[in-house]
């Protein structure tokens, strides 16, 4: 839901609120006059004029973020703020406090360059990601039925609505603007997104309460933007759009109650860990160097440089780039990622719960049989079902479409002209049926109802067979249920059809009128699985994702379909059984059950919650109104472009094509994203951990600094640049075979286990420079620093290629071409620095050629030891990246 911030009600909000109350209180005729509209709708030219005046029906809060906001956010991330603080300290020590002849701009220039590179990379990537997401969202449109004078009722994008438009609403629709109800039937709406109240609220054409006694959400004849229809139908007039709606006026005061994923928590915890590590170690380095060298200013500058080196300023850019790249890849596969974080959750998912109808099965079903109560084909049953489907104005589902098509094939197009609709009782998920009241040309009235067989039997007292009405005895009921069971076992969905002739001569009917009805028979539908379903489920299973079916349909049909698509049906749980189970008992049961049928929306959501509490990352795929709670509860909600509005709104990911194979592709892409982010985190964490011990050892035993502050900054800048293409790196096929979840403890173990290895070889390099090349005095410190500058840089780049895979690097697994090329370029540039004027300017000296023989041996040994440590780590912990 959306949470309200604490703040004073502003003038605009008061005005809009008063306007809503005013529009609620006046008569429909007065409202038509005020809005200059009528029940026939607006003329097209008037629509254009009003759109020019009021703009598109969009909330400013939902509009793309301005470029300067992206820039500001790139600057204020914790790592950049640390660098800015260090730049300020450097400015004070190197420029403000330094004697004129000792003023140096080099350090602050380097830090500023690093800040600029990191901020610009983050800024441009965030801007690109934002634009990409907006383009992807544009592929999924939310429409509403709008009545215009010239064109009648048509489905239009909700952003095209203007005040005065007449809209027709049905179950599953989002409320597209602020509306005043003109007429409605059993209209229940959910306002949970605004109020947090889960119970649906009934709305009416007229006010039932004095508006002085109610808040804006309780106005009987007003529907507010941001809510959605649970059941019933309505015709309404748009009273406000966009920022002029109540929600629009409140947009800045609402914050989305967004679940923080384990991955987001993990990235934040690692960031916090590295920053804390820096704040602990940097003062120690400062004190040790100040005490041992006696130059406290130089020690401070060196400590600042170490702090810069320990700051993983590229982490936000690496994370954003990986997620955005994944979204773009999925877009090419006709899949819209509405929330970037969903990509990573896709990869972490180990259980996919799915509805059956429209997801596993085709989104086009066909009528196989229209039978009387004795299981014989009977055209009268089809005629009654046809009239019900044609004259209902609520949510026309796949069954209605199938009935209408089958009726037309059987010559019933003209038949409907003999009737006129008087009223209807819309479908809801409690009754699981819907009714229409019709009258023929002789004014004879008839109530026709269709719905789930069990619910239909509960309202029928009689049955019709060959024109004769008989009492609906228990024996007939048993025979009917047996016939239905047999049809279900053949994979057919069955609904009952009933009618009643002796009904009151009135215009308003309710649920209580659905009683003492005459059962006509039933309609059987064939709803075959999608061709891609079996292969998709098999592929998900091979990739470590278990599939569970959560459906409101009956168990026999569900079992039949599940068998066909390869889902284990040895255990089946039904909704009524679940109601009798405590959470602990149900948790144990669902771990070993893959088919759960006859579920309510709340039961679906409960099952997902219990799986999550057991540590599973759960996805849910559905397309109906009753799937919305489960879509919101899941870690990654998946829907299809043909879903009802509320399902698409609740989903994180929307499939634009019928094939389910894209699910496997999404899982794989999510694991690639996770893997490449983890590479950077583990490489950076272990390198930083090792570097600190190297620096401490050198600070204690050397009479000079192991590297000057400026040299450390240049080395760190080179390393940062070498990591830019990590998001485009290859991932080993084996890594992608299992779900990947965040584990903060694993990062800590990895850092402690692998990090110190680099310290050992740094110390070997120190000994080499000290004893072999005699770089052991203040006069030769430049040579010493050059030696460690090159070894440190190359070892950091080599470790990327070793850590990125469980296999033998370069031989069994090779990084992507961009990563390899950039690594080579940075190594060549790093080696060349001591031999050019720039190197001399920062205190480095040219190295003798035999130095490269020695460091080749050291680096080879380093690679071998890390590879051995990797094998031991994998054997001990059964994990790497």
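Note that Cβ sites are derived from N, Cα and C of the backbone, with glycine treated the same way.
Look at TrEMBL and you will find 22-95 tagged as domain 'Cation-transporting P-type ATPase N-terminal'. What TrEMBL lists as transmembrane segment is 71-92, 104-124, 269-288, 300-324, 750-773, 785-803, 815-839, 851-869.
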Tertiary contacts of the transmembrane segment (750-773) (same chain, 6+ residues out, Cβ under 8 Å): 682, 685-691, 693-694, 697-698, 701-702, 706, 780, 783-784, 787-788, 791-792, 795-796, 799, 803, 848, 851, 854-855, 858-859, 861-862, 865-866, 869-870, 873
The transmembrane segment (269-288) versus listed stretches 104-124, 300-324, 785-803, 815-839: most Cβ pairs under 8 Å: 300-324
Counts by DSSP class (helix H/G/I, strand E/B, coil) across the domain 'Cation-transporting P-type ATPase N-terminal' (22-95): 53 helix, 1 strand, 20 coil
Outside the transmembrane segment (104-124), six or more residues from its ends: residues with CB under 8 Å to it: 70-71, 74-75, 77, 79-80, 83-84, 86-87, 90-91, 94-95, 98, 301, 304-305, 308, 313-314, 316-317, 320, 709-710, 713-714, 716-717, 720-721, 724, 842
Per Cβ pairs under 8 Å, the stretch of 300-324, 815-839, 851-869 packing most closely against the transmembrane segment (785-803): 815-839
Residue numbers, six or more beyond the limits of the transmembrane segment (851-869), whose CB comes under 8 Å of its CB atoms: 753-754, 757-758, 760-761, 764-765, 768, 772-773, 787, 790-791, 794-795, 798-799, 802-803, 808-809
